[in-house]
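K.L.:
I grabbed these lines from TrEMBL:
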type	residues	note
DOMAIN	3-118	domain 'Response regulatory'
MOD_RES	Asp53	4-aspartylphosphate
DOMAIN	142-371	domain 'Sigma-54 factor interaction'
Amino acid sequence: MGRLILIDDEPALIARQARQVFPAPDHVVAVAASGAEGLDLIRRERPDVVLLDLHLPDATGFEIYQAIRRIDARIPVIFVTVARTADAAIEAMKQGAYDYLFKPLDLHRLREVVEGAFEVARRMRAPAAVAEDPDTDAPGAIVGSAPAMLEVYKAIGRVAAQDVPVLITGESGTGKELVAQAIYQHGPRSRQPFLALNCAAIPETLLESELFGHERGSFTGADRRRIGKFEQCNGGTIFLDEIGDMPVALQAKLLRLLQEQTFERVGGDETIHTDVRLIAATHRDLKTWSNEGRFRADLYYRLSVFSLNLPPLRERGDDLRILVRHFLRRLNAEMGREVRDVAPETYDRLSEYPWPGNVRELQSTLKQALLQASGPLLLPRFLPEAFGEPAAATTAVRGRGDRSEAGLDLTVALEGGFRPDDRDVYSELHRQLDRLLLPAAMDFAHGSQHQAALILGIARQTLRQKLKQLGLHPAHLVDHDEPDAPDQPLS
Ligand SMILES: Nc1ncnc2c1ncn2[C@@H]1O[C@H](COP(=O)(O)OP(=O)(O)OP(=O)(O)O)[C@@H](O)[C@H]1O
């Protein structure tokens, strides 16, 4: 449920538009026609997001914005203005406003910006904490009690209250963002904003401006000044996911920001001071990368003063069962299902699987299984095809890394022959081959999708899609500037 408050002296049109884009019952859109009324509403309703007109009958939008900050500095506020007053809205962003929209509203843009703001609000509020009750179904709960996870919890406890940068490492889907949220929420800046940005998901050319802002005219298309995340989030916490994918030139700018808390916008001379806590995450081995000159060693040392590593799911032993129970409870509630128990053979299949996409992949596997399930018991046949017969599924998957061994495993899988009730063997083996081949090619290509796609002879687009299906987050692995190779089937 998203709660949106609109403050606008002529609220009828904008309210109709907002309700069209964010309809009930999933959203509540409340309206105020003056600043004072809006502040009252905010105090009472504690909305997720506010849309604020710059011109109000009783005060300027800017004054109301400052008052909203005093009520709760975390609420994302989006200014609504006409294009000629954009400068004022940009000024507001310097003070931490989330974004601005122009009247008349473009509904597509309205959806995009407000949805982004809902997501930011969710990250700040959804409590991320180590679950005391392993059977909780709370969304932000961090569950598991494997020894390596207990070390992680201790590290969160030690570092949260200290206002220092943190580096979180671990494979894709191991819970790095969840841990970053927990550190933020238990830290001294928990009443201030938390903004997250994935360095691998933003083209290199835009990343600098996204983080540090730009001046008008600094490059083609820069028709207005832009305030970057580091300026906007002054006083708060920034989570930079996939920091290993940050271009080296930008790493220098980030290092200076960490050392001196100053930077310049792209194309600007003014030195800007900001006070932001940085939490960074990566699935790369930054130590090796810094030894090889692929990541700035000085930045690595600065970031890794306090680092914590999340173990892969396959090394968490019985946590698999705890996580399965946790997600079953959550998913049953979300999907209106009644699957209360898991058959021992299902656990066997799940624990034989290497989980390249870790907890995220487990979550999506269980979701798929619940869609198939009938009755209260989760049987192996409800699992996705990749979990088929243990001999076929796991031997093929396990041979990662050594091609001759992998080939042998596939032969072993086929030696069992076919059974009359076999179905979709062709596509099933293909899927297993993908699970084996794609991560190996990505490893070999040091995470470059372009290179891996070339090696495999498939389009990068196809590779991305398949990685996603495997539960591996393709955003980690993007290298944006290279053109796609021509599309060819994997077979
Ligand atoms: N220990 C855990 N307990 C409960 N849920 C978890 C745990 N670890 C991860 N999750 C859930 O798994 C999903 C993936 O976690 P998250 O996004 O934090 O991983 P990540 O390491 O940041 O992934 P990526 O590197 O792909 O961005 C999220 O939905 C998260 O809530």
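Even glycines carry a Cβ here, placed using N, Cα and C.
Curation plays no part in TrEMBL annotations; they are all automatic predictions.
Model, not experiment: these values are computed from the prediction.
Can you tell me where each of these features sits in this structure?
P.N.:
For the domain 'Response regulatory' (3-118), the model's average pLDDT works out to 92.
Cβ neighbours within 10 Å of Asp53 (4-aspartylphosphate), excluding its own Cβ and spanning all shown chains: 22. According to DSSP, Asp53 (4-aspartylphosphate) is assigned to a strand segment.
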K.L.:
Please spell out the DSSP helix, strand and coil residue counts for the domain 'Response regulatory' (3-118).
P.N.:
57 helix, 27 strand, 32 coil
